[in-house]
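K.L.:
Here it is, the structure in full.
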């Protein structure tokens, strides 16, 4: 049977799974069918009661409707592998944009059922991630179009995760206690180099993109078995393996060089190490041991060290080696390690409830996660690491990174996370406890970071003196020394 005429308009609901016999005969004749509809028993056909709105005939109908199976003897049923998409070639511009957005959502979520990642059901699925959504959008464009290629390459970088990595490097850079000798002549306020920050963010972005692309190159088979990743570009073959390898190698080399020449060799080494740990250790370890979660947490803790070492390199007074930047004898590097420990610990109350919601998918894909190998330990680990944020915030105050008010203002959000972790531990993810802890972790990290930025040590004192025209403390000390 030839394909239906593009853009043919019919009544809504006529071609669901119950089709009026006369309507079917009329449509097939219009579509150019070579033979009329056979005389099937009337039990196969029912009258449609849908409203008479005119809607375009969906191209996916002839792939999913059971009536076609009776015509050619095959058993075609609606499945996740045959998503119901709309042909956009004959639609008006505004209708085409709406149909493209709908097709992207359908293709990205095919087979996922749209369930929440934190449902109590053991077969819960997750909404597609950003890479899957980008890949689904890219698939709507012609195969040789530039937009399709760029969207597919961008989806290899896992854009949301990359943004989080870059932000976790920028916050310690901004919070580094800048010495007074970096004061500018115009404002007499200590400041760091914007150019160094530009190289830091660019290099970190490229290194993260390289690590994520290598991760996708290693596990397309397991990505295809999970609802949130089955629409990624390599699973859908939107890119060749060669193109993905070239993208990963190019981003890794460019990112490492940007950090080396624009920041310092220590930060470049940390960026390259993160690529090696994530792609060379964490990714293959997911199939072997539950320790992969701890290795992945190390990857999350390295970007804050990169930001801190980048700022420390601008004020280094000795040789500027990794010992001075990361293990300073005066204890000035303590703030960087505290931020690294904060990001390391945050991975567990965030990932444990996330993985619990899709534990059956992890099991089916052969990825060893505590969520299905040992659910009780999974909840205990999340609770254990949620307790360390209060002492970490106190440590940032004691190290002179933030004001002591930060210990007070960060306590409510830290206690909220602990309370949700206790519920998660008691119910082992059931009764909505996994969902509560997951969303608490999503809000916890940005709130803590913003509070730390707003209460940087000495920042508001400098702002007050600048507004009121009062001299800086260093200027007063120099004045008294001259008087003496």
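In case you wondered, yes, glycine gets a Cβ from its N, Cα and C as well.
Copied straight from TrEMBL:
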- 115-125: compositional bias 'Low complexity' (COMPBIAS)
- 106-125: region 'Disordered' (REGION)
- 161-182: transmembrane segment (TRANSMEM)
- 194-218: transmembrane segment (TRANSMEM)
- 239-261: transmembrane segment (TRANSMEM)
- 267-285: transmembrane segment (TRANSMEM)
- 292-313: transmembrane segment (TRANSMEM)
- 387-407: transmembrane segment (TRANSMEM)
- 436-454: transmembrane segment (TRANSMEM)
K.L.:
Please identify the stretch among 161-182, 194-218, 267-285, 292-313, 387-407 with the greatest number of Cβ pairs below 8 Å relative to the transmembrane segment (239-261).
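P.N.:
Stretch with maximum Cβ contacts: 194-218.
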K.L.:
Report, as numbers and ranges, which residues of the same chain sit near the transmembrane segment (267-285): CB under 8 Å and 6 or more residues beyond its ends.
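P.N.:
200, 203-204, 207-208, 210-212, 214-215, 218-219, 252, 255-257, 259-260, 291-292, 295-296, 298-299, 302-303, 305-306, 309-310, 313, 322.
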K.L.:
Which residues of the chain, 6 or more past the ends of the transmembrane segment (194-218), have a CB below 8 A from one of its CBs?
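P.N.:
Sequence-remote neighbours of the transmembrane segment (194-218) are 131, 156-158, 161-162, 165-166, 169-170, 173, 232-234, 241, 244-245, 247-252, 254-259, 261-263, 267-268, 271-272, 274-275, 278-279, 283-284, 299, 303, 306-307, 310, 313-314.
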